[in-house]
Amino acid sequence: MTIINHTLGFPRVGLRRELKKAQESYWAGNATREELLTVGRELRARHWEQQKQAGVDLLPVGDFAWYDHVLTTSLLLGNVPARHQNKDGSIDIDTLFRIGRGRAPTGEPAAAAEMTKWFNTNYHYMVPEFVKGQQFKLTWTQLLDEVDEALALGHKIKPVLLGPVTYLWLGKVKGEPFDRLSLLNDILPVYQQVLAELAKRGIEWVQIDEPALVLELPPAWLEAFKPAYDALQGQVKLLLTTYFEGISDNLATIAALPVQGLHVDLVHGKDDVAELHNRLPADWLLSAGLINGRNVWRADLTEKYAQIKDLVGKRDLWVASSCSLLHSPIDLSVETRLDAEVKSWFAFALQKCGELALLRDALNSGDTAAITEWSAPIQARRHSTRVHNAEVEKRLAAITAQDSQRASPYEVRAQAQRQRFNLPKWPTTTIGSFPQTTEIRGLRLDFKKGNLDASHYRTGIAEHIKQAIVEQERLGLDVLVHGEAERNDMVEYFGEHLDGFIFTQNGWVQSYGSRCVKPPVVIGDVSRPQAITVDWAKYAQSLTDKPVKGMLTGPVTILCWSFPREDVSRETIAKQIALALRDEVADLEAAGIGIIQIDEPALREGLPLKRSDWDAYLQWGVEAFRLNAAVAKDDTQIHTHMCYCEFNDIMDSIAALDADVITIETSRSDMELLESFEAFEYPNEIGPGVYDIHSPNVPSVEWIEALLAKAAQRIPAERLWVNPDCGLKTRGWPETRAALANMVQAAQNLRQA
C-alpha cells in the first residue's frame, strides 16, 4: 500500500498574474482570442510541470478556469441564461465572459450573473441560474480538452469536476418558482457522458467535488446523493471530495455511496481519523487533507505525520492539500524582501506541494528526519517577540461590556445627526473608492520603489483627492468620499499601518474573474502605532462644505481578508484589530469628520459552515464591530457596508451592529435582499445598491428609479439612501461619471415626485 500525494487544485492566475493581464487585454480589444487561449495553455503546462517537479504524484486537471470554475461547470452543462446566449445557440469564451461580467468583445451586453462567496472563502463564484423545464447538454468541452493537453504532455492526472448536487445547491431559481433539486435527473446524463469520455481516455480516478457535504443540509438534499452517485458509478473510480469543514454529521450518508474513495479536510474539520477509518468501507481509498490550502503557514509535518501514521498499511491512503491551493499564493521563493526568520514560517502553493512530498516519503519509509527538520521554524515562532505584545494582550483583557455600547440609542442619535447634517430625502453617496487610474497606480508604484520622495507623492495624492471632491460636487452628490487614491486595497492599506501584519511582494490570490488580491498576513498581536486615515480625511473635508466620510475597513473584514495567525483564535485577532481602529474613530471624530464608514463586507462570509456554530461567531463578530464604533458621539453617523450577502438568517446580528446607516449590495438580486430588512422591521437607515459596479454597463435613470421604487415598497423612503453596490475602484471614469450622474438624477426625480 504505497502512499501517494496529490493536490485538489492549483492557483490559476500565474506568478505574475499573467492570466489577469491576458483577460483584461482581451476585453479591452488589445489581444486576440487566440492570444488569450495561448496564455491559458502556457499557464496550465507550467503549473502542471511545477507541481510535478515539487513532488506531486497525481496532478489536477480541470481546476483552471477562465473566470470561475462554477461558471465553467455551467457551460459544461449547457446552462447559459437566455440573455447571454449566442444567436446561433453556440457557446464560446465570450459567452462565459458575458455571464461573468455583463459584456465581452462579441455579443450584446446583458446584466451579469449574480456573484457570491465560495463557501466561507474570499473567492467568488458566478451563481448558476435555473428555470423551470430547463434542458442540459454537453456543449463546452474545456475539461476534456485540458485532459487531452495534460495527457499529451505525459502527466499522470486526476480530472476535477464539481459534483452535481453541490452544483445545484449553489444555484438560484429564476422566473417561476420550483425546486431546483428536481433538475438532478436532468443534469446526471451530462455527467455520465463526461465520465464516459474520461474513461475512453484511460483516466483511472476522477476527483468529484461535493463540498456541500460539509454543510448541515436539508434532508431532501442529503438523500439526493445516493441516487445521483448510483447513476454515476462504474465508468471511472470516483474520489468524492469534501473540504472547508468536517463530515462527521453526514458520514453515514457518505459511507453508503457507491464511490471508491473519499477526500476529507483534516485541517478545518474536526473529524477523528480513527473514526473515519472504522466507519468507511474497508476497500475505499482515504485522501487525507493534511496541508492547509487556505493559509500561508509552514505545516508542522511532525504533527501531520502523527495524525495519520496509524492508518499506514491499514487502507489505501493518499495525502493531499485540505482544499484547492487556489486560495494560496503560488511561490514563496520569489519573496526577496521578507527577512529570513519570517520567511521560514511560510509555505505557499509550491512549497505546500513540497510538504506533501516530504510527508509522503516519511509515511512510506518511516524516516522522520526530513519532516522534523522542516518543522523546526514552527517551534521557534511560538516563542518569538515578533508574535507577542504584552500591552496589546493587557488591553484586550481589560475590555468591558460598556466599551461596545454607543452612548445613546439609535432614535436619539438619528435626531442629533439630522440636525447636524440636514441632508435631503433620498441622500446620495458612494461606497468609498473612485477609479484607480493608471496615473494613480503609477504614483503609488513609483513611491513604493523609491523613485518618488514622500513630498512629491503626497502632493500627487492630494491632487487626486481634490479631483475626486470636484467630480462629486459637480455630480451633485450629498455625502462625499475622498476616493482612496492612496489605497491599493482596502485591507492591505490598513495592514500596512498596523503593527502585527506583514506583506508579500507577489502573494496574489484570485478573488473573482481577473481580480486578484494580495492579503496581508497577521503574524503577531495587532496594534496601531499612529493615526492612519486622519490626515487625508481632514484634507478632503477642507475642500468642501458637504460632509466627507471617513473610511475604515472593519475588524472582521480585515481578519477574513487576511491570512490569519493559527496560534490564537479568530476572535482574539478581530478584537485586537477593533481596539486599534477604535482609536482611529476617535481621532477622525476629533479632526471634525462627522460621518465614518466602517466596512464589514466579510461579516457574513466569515460564518462557520455549520449553522450550529453561527451564534458564537456572530456574538464576537458583532462585538468587534461595536468595540470599533462605540467610541463615537451621538452626532457622529456610523455607516457600514456589506456586499454579496444573504441577510435573512443573520438579521438579528445585522441589527445588533447598531450602525446608523447600512449600505448593501442589492442590484444584481433586483432588491430581493431588502425582503429580509422589511420582514425584520429593520429600524435604522439603509442604502440599497442601485447599480452593479462589477459590470461596466451604465444603468439608466429609469432603471435606477425603478429599483428605488421597489426599495420604497419595503423600506420607508425617509430611511433610504441612494448609492452604488460597492466601491468604484475597478471602473473607469467615463462610466463612473455617467452612472453616478444617472443615480443623482434618479434621486432628484424621486424628491420631486
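Counting begins at 1 with the first residue displayed.
Placement of Cβ uses the backbone N, Cα and C atoms for every residue, glycine included.
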Requested in this report: Name the one residue among GLU484, GLU486, GLU646 that Swiss-Prot lists for the same L-homocysteine site as ILE431, GLY432, SER433, ASP599.
Outcome: GLU484
Report task. With HIS641, CYS643, CYS726 listed by Swiss-Prot as binding Zn(2+), identify the candidate in GLU665, GLU675, GLU678, GLU702 belonging to that site. Result -> GLU665
Query - 5-methyltetrahydropteroyltri-L-glutamate site partner of ARG17, GLU18, LEU19, LYS20, LYS117, ARG515, CYS516, GLU605 (as recorded in Swiss-Prot), chosen from TRP48, TRP140, TRP536, TRP561 - result: TRP561
**Report entry** Shell of the L-homocysteine site beyond ILE431, GLY432, SER433, GLU484, ASP599, same chain only (C-beta within 8 angstroms of their C-beta centre)
**Finding:** THR430, VAL481, MET490, MET551, GLN597, HIS641, CYS726, GLY727, LYS729
**Report entry** Where HIS641 (Zn(2+) binding site) sits in the secondary structure, as DSSP reduces it to three classes
**Finding:** strand
**Report entry** Separation of alpha carbons, CYS516 (5-methyltetrahydropteroyltri-L-glutamate binding site) and ASP599 (L-methionine binding site) (Å)
**Finding:** 19
Query raised in the report: Out of ARG17, LEU19, HIS641, GLU665, the binding-site residues in the record, which is closest to GLY432 (L-methionine binding site) when you go by Cα distance?
Result: HIS641
Query raised in the report: Can you tell which of the recorded positions GLU484, GLU665, HIS694, CYS726 lies nearest to ARG17 (5-methyltetrahydropteroyltri-L-glutamate binding site) in space, using Cα positions?
Result: HIS694
Report summary line: Cβ neighbour count (10 Å, all chains) around HIS694 (active site, proton donor) is 22
Report task. Compute all pairwise C-alpha distances among ILE431, GLY432, SER433, GLU484, ASP599, the residues listed as binding L-homocysteine, and give the largest one in whole angstrom. Result -> 14
